[in-house]
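Have a look at the structure below, then the notes.
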Amino acid sequence: MTRRISLTQYLVEEQRERGRIPAQLRLLLEVVARACKSIAISVNKGALGGVLGSAGSENVQGEVQKKLDIIANEVLIEANEWGGALAAMASEEMDSIYVVPNRYPQGEYLLLFDPLDGSSNIDVNVSIGTIFSVLKKQSDTPGVSTQDFLQPGSAQVAAGYCVYGPQTTLVLTVGDGVAMFTLDREQGSWVLTTDEVRIPEDTREFAVNMSNQRHWAPPMQRYIDECLQGKDGPRGKDFNMRWVASMVADVHRILCRGGVFMYPWDKREPAKAGKLRLMYEANPMGFIVEQAGGAATNGKQRVLDLQPSQLHERVSVILGSKNEVERASAYHREAG
């Protein structure tokens, strides 16, 4: 049975007993968790807080920003800029990196985040979330640039997400497995509710936007066609489809009971490797999924091995239960 300990105690034990995290990283993760609590409050207020609807602007991706996108982005920046652990931050909602102002001490860590994933679901009261990734600045040179962020996902020192749903749940890895914390609203604290999260190697569930099927590459078409044939087809078992249109919600379900999440290449935008962003969506989720015993690829390569060339780089994603990810990836490799 999982010990009901606080996030602070969990992180202190990771630091003290296992030597997994330095003190500055522990403090950084606690600040990110506090910021997620603040975002949860804004999400829960909804129409009463005047936070629903469009902000009338676009982000660097050309996507219309919701009011909560901007609020969540500001909360994360303001919470983290002054603590002394960070050198800079990067976000889906910002064109370029945000360097910690000179009036605050600069640390050695880099924080990347999607402040509010699944924001198309905000106005209809469906689960959304925050995704974050932590890297360590590799160079000893003064200052920080975009180049410092361009590290493969395997270099992450921590990653997590917070899902704002019926419960507010924080999922975290520091490279020593995956733990889930539930927000106790009466106490205002994060409480460990699941440790040693494991994703089953086999599954009968897949998550993908089937309305785009005609635009996918043949290997992805083949994989889905076989799933849809069920027990009468080559797979010999029936599958169920799930799709929330929020990566956080779909991946959280996979962590809880297995499944495979796919956001494949689309021939309507052939020059783009995929839809999801590598640095602050695919990498942190890939790290979490691998730490829980799953797998994450772009169809041909392990996501965490990809070397980014730009901050907002996009990528195809197949992640979740190991055997299904391997099958879908094998079809891509066979196709060349």
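Glycine is treated like the rest: Cβ placed from N, Cα and C.
In the three-state DSSP scheme, Glu92 (Mg(2+) 1 binding site) is classed as coil. The Cβ of Glu92 (Mg(2+) 1 binding site) has 25 other Cβ atoms within 10 Å, all protein chains considered. Per Swiss-Prot, Mg(2+) 1 binding site is recorded for Glu92, Asp114, Leu116, and the stated evidence type is sequence analysis.
Sequence-distant neighbours of Glu281 (Mg(2+) 2 binding site) (same chain, six or more apart, CB under 8 Å from its CB) are Glu92, Asp114, Asp117, Ile131, Met247, Val317, listed in sequence order. According to DSSP, Glu281 (Mg(2+) 2 binding site) is assigned to a helical segment. Residues annotated as Mg(2+) 2 binding site in Swiss-Prot: Asp114, Asp117, Glu281.
What Swiss-Prot records for Asp117, Gly118, Ser119, Ser120, Asn209, Lys275 is substrate binding site. According to DSSP, Gly118 (substrate binding site) is assigned to coil rather than to any helix or strand. Under 8 Å, Cβ to Cβ, and six or more positions away along its own chain, Gly118 (substrate binding site) finds Val126, Ser127, Ile128, Gly129, Val244, Ala245, Ser246, Met247, Val248, Ala249.
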>> Among all protein chains shown, how many Cβ atoms are found within 10 Å of the Cβ of Asp114 (Mg(2+) 1 binding site), not counting that one?
In response: 28
> Quick one: Cα separation, Leu116 (Mg(2+) 1 binding site) versus Lys275 (substrate binding site), in Å?
Replying inline: 16
> 10 Å Cβ neighbour count around Asn209 (substrate binding site)?
Replying inline: 14
> In the same chain, which residues outside the set Asp114, Asp117, Glu281 have their CB within 8 A of the centroid of the CB atoms that define the Mg(2+) 2 site?
Replying inline: Glu92, Phe113, Gly118, Gly129, Thr130, Ile131, Tyr161, Met247, Val248, Leu276, Arg277, Tyr280
> Once Glu92, Asp114, Leu116 are set aside, which residues in the chain still have Cβ within 8 Å of the Cβ centroid of the Mg(2+) 1 site?
Replying inline: Asp69, Ala72, Asn73, Ser91, Glu93, Phe113, Pro115, Asp117, Ser119, Thr130, Ile131, Tyr280, Glu281
